[in-house]
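Worksheet: the structure to be examined is printed underneath.
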Amino acid sequence: MKFNQFSYIPVSPETAYQELRSLGFEVSLDASAKANFESFVRKYFLFFEDTDLALKNWIADPETDLLSFFQSDRPLTAEVFGLVALQLLGFVPNVDFTDSVAFLEKMAFPIAFDGSLNNLHQLLATRTQSGNTLIDQLVAQDLIPISNDYVFFNGKSLATFDTNQLHREVVYVETPVDTDKDGLLDLVKVTILRPNVDFPVPAMMTASPYQQGTNEPSSDKLTHKMEGDLLVKPAGKISLSRPEIKAPEADLTPINPVTKAEERFAHTDTYTLNDYMLARGVASIYVSGVGTFNSEGFMTSGDYQQVLAYKAVIDWLNGRARAFTSRSRQHTITADWASGKVTTTGLSYLGTMSNALATTGVDGLEMVIAEAGISSWYDYYRENGLLVSPGGYPGEDLDTLTEFTYSRALLAGEYLRHQKDYEAYLNELSTAIDRKHGDYNQFWHDRNYVQFADRVKATVVFTHGSQDWNVKPINVYQMFRALPKSLEKHLFFHNGAHVYMNAWQSIDFRESMNALICQKLLGLDNGYTLPTVIWQNNQSEQTWEVLDNFGHDNGKHIQLGKSEASIANHYEEEIFAKYGKAYQSFKDDLFMDKANAITLDFELDQDIQINGRVHLELRVKSSTNRGLISAQVLEMGDKKYLAPIPAPKRMSLDNGRLFKEEALRELPFKQAKYRVITKGHLNLQNRKDLLSIENVTPNEWMTIGLDLQPTIYKLNKGDKLRLVLYTTDFEHTIRDNSDYEVTVDLSQSKMTLPY
């Protein structure tokens, strides 16, 4: 374990004293450091009447138990403090470590000992080996009582709300859209978990089309075949118009108003970051949206109709929209329990809706936590004029996702009434996505949130993984960079895949979010500042660093070679079938120079930290009137790399007081032969830009530019890079087995590494 502490807020000695005393620690400004430390440690043993016995079972140094030390005249030293602090944090001498000084240094222990009460204050805010901070662990053991009121420590809310006595209620919010065109504004189901208190509370809202269930069997039937010819597109220019994001004024007329919801629930799937804050006085709201189980309308998949339907829930929390107690629309109900301040949460589609909601500029949305979210749907299903499936899902497209999330059809009565109209709508959508050409068009433009980034007012927190080939890093990169310069924004850029990071051992992400939520939603003047970019170092285990930005302008140019080289697109049928059946076998061969590709190896002559988009400038020609080029950059070398999927450690994370416990996780640091740094794909007809389609003349040289997926990746002098240039990518692109070649003039081609 390593300590990476970004959530601690430095305080004055007076504040440290006051906060320690308020929690029951009997420290004194006049007492010695040793006396205060003894009082602090004895308080730790909440379940012991005889704390002398507990102290005898801990050690102050390899020869002295802790009780004997406290009874002696010896002063408290940094070495004794460090060894006892390790035991307080759950580390076991002679098992987890033998040399405490070296162990503390190796773990980057964040506390510099000076004997002050600030040391004890920061120790409470430090994570234990189990993943909980020491103060959270003690509160879970009833250090302070459940009060159903806010208690803050170091600018963060503690778990003082009763999660056994929550309000669990359902309302149906009236949206400004009628997506199924039945003449009625669509209602969306809202599932609410909130503390049982008599004062207004803020809310964490998760907009998830998956929340009420999915229709996987129907979606699987629509999965597209990836085999086929790359189409020759007519040359031309694509024209677009800016989408309108306007909703009619809401009708706020009450109808037989009531103050209590009539529908309850026993269980719903939850997100543990929401659970963590629920125990700390922030309501949890889950909304599936239009076209889902027990809501109304059709699934419009990423357009602003879907977004405005989610926005209506925030409007309802602020008195700007109506909600009904049931879909019969007989009684309206207000959110009289809500303060109106909201943060959105969730990963993938959920993070996507966080991005989209932020661009509406809706009042009340104070903070957005967008984890691995899409910022432009074209960049999820397409790339540079090509069909490019999300990693791991070849053949998926927006129509299959629409079918997957249209859970309204899981209700047989709804199926009976609406399926015919829905299928007609789905056919229109399947045409509009234009799998034939792979081009950007008005349909995709209507689902591009980046163009409205200037409307964002909320504080934005992004998380994204360098190894996320599902929602690729371009999505966070372009949104992060498009936000107004004056806006407060933050990015946690890790080395994982398409994964949550709130349960990781190496970083205090959830505590950082606690501090930020208290500041933005509860109005707590805690002085908390979060760095702009927090990056997980790819070269070592559990190491995080602060950076100033994502994307730098400096570039290191690498000439690709001195000759020409060709890529054969065609494979023998047996190999083509094998790769199509198991794309991982294609990737294995590709990276080991066993597939149809140009493989170029380079040894770095300097240290470099890639930050941004690796750019390829290639002089190419195709033997036919079409073609595509794919590229991947890898670090080669048999050594340890961070694996992309977090491994569970132990079931030790407590999100309250024995509430929604979950497994602690971390990216394993494992031996491997290589690591993918970045990748990209381009239709040669889109070599100028996304909106320009040009002819490809057989055997005529062209200069193309290809920006690969953005990343942050550290390399040392002597490290080996491998650039692989190829055509068909069996994981991502159309699988065209035509017999043509793409030739690259390496002497006129280069790779630029941004730093």
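Using N, Cα and C of the backbone, Cβ positions are placed for all residues, glycine too.
Annotation comment: Swiss-Prot describes Ser348, Asp468, His498 as active site, charge relay system, evidence class sequence analysis.
A coil conformation is recorded for Ser348 (active site, charge relay system) in the three-state DSSP classification, outside any helix or strand. According to DSSP, His498 (active site, charge relay system) sits in a coil region rather than a helix or strand. In the three-state DSSP reading, Asp468 (active site, charge relay system) counts as coil.
Residue density at His498 (active site, charge relay system): 21 other Cβ atoms are found within 10 A of its Cβ, drawing on all protein chains shown.
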